[in-house]
Amino acid sequence: MAERVDTSDDWIIERTGIRQRHVAAEGECTSDLAIKAAERALAAAGVDGKDIDLIVLATATPDYTFPSTAVTVQAHFGCAGVPAFDVQAVCSGFVYALTVADNFIKAGQVKTALVIGAETFSRILDWNDRTTCVLFGDGAGAVVLKAEEGDGSSSDRGILTTHLHADGRQHDLLYVDGGPSKTQTTGYLRMQGREVFRHAVVNLAAVVDEALKATGLTSADIDWLVPHQANRRILDGTAKKLGVSPDKVVITVDRHANTSAASIPLALDEAVRDGRVREGQVVILEAMGGGFTWGSALIRM
Ligand code: ACO
């Protein structure tokens, strides 16, 4: 990074906690990353692609303006005919997508949903802007949701509650200065980092509190906080404000940087596979992104 812009490894690590980021290969698209993540999620869940009833894909960096990246994924898995669409809520995209899929399941419309967060932010970065290009990476993560009857007891597994918010008045603090209708260009990410930071900790702590209040749980009941991975200081600040011990926070920002909608499923995947997150535990997901958008999902695994 220091060869590209006026920065240093020390500055990046101290201010963000980011030590590395991944960048998609030339020609490798958001759908390619999404398909790889979905294949692993389906294998882990023991679900065949043909059994998917719904695909919701969160991304702000789709392959094309249209069709959606979700339908490209759908074509790969051979489940033509089922609904497939993208959700655009930038860094909150995964929480939004999970909420949409959960509501489809709770409404009884689908039984098995594939929810993906996938991004190639490297394609919308101004690589000459040191205030943004050092912060982001490319990646994808996915989960499979399955309908299951509970017995109404407090040990029921699943998504216990979700909370979504948006405030379009904050557009200028974090946006991409391109788009098909307004500029007929792809554009680059623009951000007033300090202002975003200021809003982030407040909004994120509030939306976790909202989830706890809705379920009657307290921060002591949280086994794992799996936050959107934007900046190590935001993660530490939010956990502190919530009274969640740092050793209950899943952190991948050091190795992935900010992968927007992909960051939560990437972090969740890591913590499930290394045995930290286990069945029966209470996990809270939270995210904030451009818009602003923000949200949380409280889950009993
Ligand atoms: N290398 C060296 N210096 C830099 C760099 C860099 N890469 N970037 C900025 N600076 C300079 C600035 O120009 C400024 O210099 P100046 O004082 O001469 O003007 C100085 O460092 C301090 O800048 P600040 O913006 O005050 O630095 P801050 O400590 O706030 O850190 C950062 C900047 C990392 C962007 C921080 O504000 C942040 O993380 N904000 C949140 C942004 C974010 O995570 N957005 C993602 C999407 S939203 C979300 O996911 C929650």
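Just so you know, glycine gets a Cβ as well, placed from its N, Cα and C.
In TrEMBL, annotation is done automatically, which means it is predicted and not curated.
Annotation comment: TrEMBL describes Cys91 (among others) as active site. Within 10 Å of the C-beta of Cys91 (active site) there are 33 other C-beta atoms, taking all protein chains into account.
Among the features that TrEMBL reports, active site is placed at His228 (among others). Around the Cβ of His228 (active site), 33 further Cβ atoms fall within 10 Å across all displayed protein chains.
Asn258 (active site) carries a strand DSSP state (E or B). The annotation active site is assigned in TrEMBL to Asn258 (among others).
The annotation domain 'Beta-ketoacyl-[acyl-carrier-protein] synthase III N-terminal' is assigned in TrEMBL to 85-168.
Feature annotation from TrEMBL assigns domain 'Beta-ketoacyl-[acyl-carrier-protein] synthase III C-terminal' to 212-301.
Positions annotated as region 'ACP-binding' by TrEMBL: 229-233. Sequence-remote contacts of a segment are chain residues at least 6 beyond its ends whose Cβ falls under 8 Å from one of its Cβ atoms, and for the region 'ACP-binding' (229-233) they are 15-18, 91, 135, 197, 200, 251-254, 256-259, 263-264, 266-267, 288.
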Nearest-integer angstrom distance between the alpha carbons (Cα) of Cys91 (active site) and Asn258 (active site): 9
Cβ-Cβ neighbours of Asn258 (active site) (radius 10 Å): 25
Residue pair His228 (active site), Asn258 (active site) - Cα distance, angstrom, rounded: 8
